[in-house]
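For reference, the structure is listed below as structure tokens.
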Amino acid sequence: MNLVFLGPPGAGKGTQANLLTRTYEVPQISTGEILRAAVKSKTPMGVKAKEYMDQGALVPDSVVVGIVEERLASPDCASGFILDGFPRTVAQADALKQVLGALGKQIEHVVSFEVDKGVLLERIVGRRVCRACGRAFHVKFDPPLVDGVCDACGGELYQRDDDREDTMRRRLEVYDEQTAPLKSYYEGERLLRKVNALEPIEDVQRQIVKLVESCNG
């Protein structure tokens with residue numbers, strides 16, 4: 001089972017990927033995590049990535065794709081994998097296709113997490129996190145008993161920079177610019193499957209499992 005998850009920040013890709021890894025016993029692969037792991041382990045591509053990172057420069061596609069290739073060649077990917085948040089562009093999708101071809105693999109399904117941007121913004125902008133214990137709250141959907149105070153430990157609740165409305169709007173704009181062509185690309189490959197990501201976590205999970213198993217069947 002070789003999957004790609006597409007969706008805007010906050011759509012629940014990571015949560016669903018984590019649940020699927022337990023169901024199907026395949027690894028969840030996040031580019032941010034494997035980039036950090038490659039740098040820490042000093043793999044050939046990790047060493048190259050660190051050179052760019054030390055200069056404060058963006059890690060180029062060629063290196064990112066190389067790190068993804070290193071990860072996909074690992075033994076635990078033999079039965080499948082879930083790519084979470086990669087590829088982000090058509091150029092990366094083309095490179096991924098070549099990498100997988102060289103490994104004798106191919107993408108089976110690209111799951112697109114469909115969300116209403118207004119609802120998504122409300123979800124994310126309302127998040128609050130405890131500085132002390134890390135527990136998460138939501139000002140509307142899961143408010144603390146006392147405004148600004150953690151129910152669990154009494155710590156201060158704050159809004160992360162990534163959850164601020166101006167930041168989220170910029171991230172969503174970038175996502176739309178990059179991903180609209182990518183969705184068209186995968187539609188052309190007949191791999192794109194859409195799920196309603198605004199439903200409860202368990203319902204989204206059922207959608208994905210049903211979709212994957214029906215397509216496999």
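Each residue, glycine too, has its Cβ placed from N, Cα and C.
The ATP binding site annotation in Swiss-Prot covers Gly10, Ala11, Gly12, Lys13, Gly14, Thr15, Arg127, Glu199 and is backed by sequence analysis. Take the CB of Ala11 (ATP binding site) and look out to 10 A: across all protein chains shown you find 23 other CB atoms.
Non-local contacts of Phe86 (AMP binding site) by the CB criterion (under 8 A, 6+ apart in sequence, same chain) comprise Val4, Ile29, Ser30, Thr31, Val64, Val68, Gln92, Leu96. Look at Swiss-Prot and you will find Thr31, Arg36, Ala57, Leu58, Val59, Gly85, Phe86, Pro87, Arg88, Gln92, Arg160, Arg171 tagged as AMP binding site, backed by sequence analysis.
Taken from Swiss-Prot, the feature Zn(2+) binding site covers Cys130, Cys133, Cys150, Cys153. Around Cys133 (Zn(2+) binding site), the same-chain residues six or more apart in sequence whose CB sits under 8 Å from its CB are Cys150, Ala152, Cys153, Gly155, listed in sequence order. Mapped onto three states, the DSSP output places Cys133 (Zn(2+) binding site) in coil.
The feature region 'NMP' is assigned by Swiss-Prot to 30-59. Counting residues per DSSP class in helix, strand and coil order gives 22 helix, 1 strand, 7 coil for the region 'NMP' (30-59).
Swiss-Prot lists 126-163 with the feature region 'LID'. Summarised by DSSP class, the composition of the region 'LID' (126-163) is 3 helix, 13 strand, 22 coil.
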I'd like to confirm something. Which of the binding-site residues, Ala57, Val59, Cys130, has a Cα closest to the Cα of Gly10 (ATP binding site)?
Cys130
Please work out the number of neighbouring Cβ atoms within 10 Å of the Cβ of Gly14 (ATP binding site), leaving out its own Cβ.
17
Counting other Cβ atoms within 10 Å of each residue's Cβ, which of the binding-site residues Lys13, Arg88, Arg127, Arg160 comes out lowest?
Arg160
Taking just the CA atoms, what is the gap between Arg88 (AMP binding site) and Lys13 (ATP binding site) in Å?
14
Given the binding-site residues Ala57, Val59, Cys130, Arg160, which one's Cα is the least distant from that of Gly14 (ATP binding site)?
Arg160
